[in-house]
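Worksheet: one structure, shown below.
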Amino acid sequence: MTASTRDLSGAGAGAAVAAEWTKLTGTGRARRAAAGAVVLALAVAAVFCLTIGPTTGVALADQPAFDVLTASLLGADAAALVLTVLAAAAVGGEYTTGMVRTTFTATPRRGRVVLARAVTVVAAAGAVSLVAAVGAALVSLVVLAGAGLPLWDAADPAVWRAVAGAALMAPFHALVATAGALWSRSTAGGVVAALALLVAPTLAGWVPGGAAVLPLLPGEALHSLAGIAGPEGPHPAAAVLVLAAWSALALAAADRAVRGRDV
Amino acid sequence: MIAVRELVKRYGDTVAVDGLTFAVEPGRVTGFLGPNGAGKSTTLRMVLGLDVPTSGTATVDGAPYRDLPSPTRRVGALLDPGAVDPGRTAHGHLLWQARAAGIGRARVDEVLGLVGLEGRGGHAIRHLSLGMRQRLGIAGALLGDPGVLILDEPLNGLDPEGIVWVRRLLRGFAREGRTVLVSSHLMNEMEATADHVLVVSRGRLVADVGVAELAAGARERVEVASPDPAGLAALLARAGAAPSAAADGRLVVTGMDAARVGELAAAHGVVLHALVPVRARLEDAFIRLTGDGGRTPVRDAGTAGEGEWVR
Ligand SMILES: Nc1ncnc2c1ncn2[C@@H]1O[C@H](COP(=O)(O)OP(=O)(O)OP(=O)(O)O)[C@@H](O)[C@H]1O
Ligand SMILES: [Mg+2]
């Protein structure tokens, strides 16, 4: 059989996504890391719920149930940090070992690889962090019940908005980390890119007039979508736009860098 | 078919590939030979669209690799068997590549069997030996059952049995009318493998020739020991041979075969203590070709001694 007699129609973008998904999630290492991120979320949630009295100056018994919930959701933030580093390492590791050359040989259209990476990392980090956020919320429920305090109302949409909002942090930052790692060809570059966006609101608070750019930063947008941004936070629609713009910017930069250079 | 035209690659001040033009025809094994640093791997990376040429073009079946609709089902390539994630299993490493080409899982087990890694699919790559990783890399190249095979130093790290196996594989591929390009820095490694060789040196093509032709052109020499080397040398020189004195007092004669040297000596009553024909190895031809580092103008066949090998 020779190649010319076979169907050689293109494998398409779907194949690139399937390949990246297998690559990202198909190892025992990746599954253990995902499980570790969830366990970390539960542990951090428990710690923040149980220490809420000393850390906020308001005893657990005097806290509104919703505030105990949001404290527990810091566990999802911890999971997000882990998933962000993992996302950067998945790309950086390919550059370190040279496997990236196999990647670009298997899928020579590099823009397709960048996009497939983005789709898979958002899906994987989103799924894991959703589990982590729901788990963290349940931890707060256990803590409240254990203390014999009134529980938050599971029928309250604000609860699930907070949970879903907390779960958004990981896919967004993992995406930025992926783009940064592709751009810089290193794990460190990806981590720095994600951390830069993470600390940007704090830095903006230090410079005079910095507060004006706060609504344009992803931190405020994520809070707004979670419904915990406060009255002067951006409108959720604007928040979606802000996150989409940052994602597009990061991906465009990665795509541009990856396309024209030697691997 | 692989076609490379006026290909140039510079890395800063280093000219890794310096105006290469050649075609790799289907139906035969083409050896891509050159000493370390000659630019073989760089050329192959450009053929696969991994490195961007400074100038010139490289195409496979008429199109740049990147533009092939189903590249890995047309071209199977192995550049560096070490460029893998050591934490992945052999099976996992092949599976994601199969997915990228829309190839089913069954083919993964099939190629693992083809390269003699059946039963090892579940092993982490870090636990595979050097030769097994080489086999895994070749398995990856075979995944898409491609019509064109490009392998960079595939015999590295293989045991004798593995070398014979790869040779048989390459020859079988060529016999089926496929295109096979395989690089090496050892001519004698290619002698038993390739039908045709492209020899590069310092990024330039110094030979594009059939292996049989190259072997025929490799000059024979005769080593002679005599109590009267000076007299014998004069005699041989008069008869048109080119004798030269070796360090051990023997004469090394080119341009005349052993039988004729013996006849001449007998006719003139010169005593011979030894008369040894030495078949020139292809390795010598290779060193001769690449020895001047490709400074000989390649296209200037008239002036370059080695130019005779370049089309
Ligand atoms: N990415 C790079 N950056 C800078 N120089 C490079 C790069 N890749 C290759 N070179 C240089 O280009 C030249 C050709 O290297 P190449 O790896 O193509 O040689 P080769 O023929 O494959 O050698 P070997 O037989 O050792 O594998 C060398 O001088 C090498 O140092
Ligand atoms: Mg090389």
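Quick reminder: no glycine exception, Cβ is built from N, Cα and C everywhere.
Residues or ranges marked as transmembrane segment by TrEMBL: A:33-53 (among others). For the transmembrane segment (A:33-53), same-chain residues at least 6 beyond its ends with a Cβ under 8 Å from one of its own Cβ atoms are 59-60, 63, 67-68, 71-79, 82-83, 86, 124, 128-129, 131-133, 135-137, 139-140, 143.
Residues annotated as transmembrane segment in TrEMBL: A:73-93 (among others).
According to TrEMBL, the transmembrane segment annotation covers A:114-147 (among others).
Listed by sequence, the residues of this chain that lie at least six past the ends of the transmembrane segment (A:159-183) yet keep a Cβ under 8 A from its Cβ atoms are 66, 69-70, 73, 76-77, 79-81, 83-92, 95, 114, 117-118, 121-126, 128-130, 132-134, 136-137, 152-153, 189-194, 197-198, 218, 222-223, 225-228, 243, 246-247, 250-251, 253-254, 257-258. Marked as transmembrane segment by TrEMBL: A:159-183 (among others).
What TrEMBL records for A:190-217 (among others) is transmembrane segment.
Under the heading transmembrane segment, TrEMBL lists A:237-254 (among others).
Proximity of the transmembrane segment (A:237-254) to the transmembrane segment (A:73-93) is not established, fewer than 3 Cβ-Cβ distances being under 8 Å for residue pairs spaced 6 or more apart.
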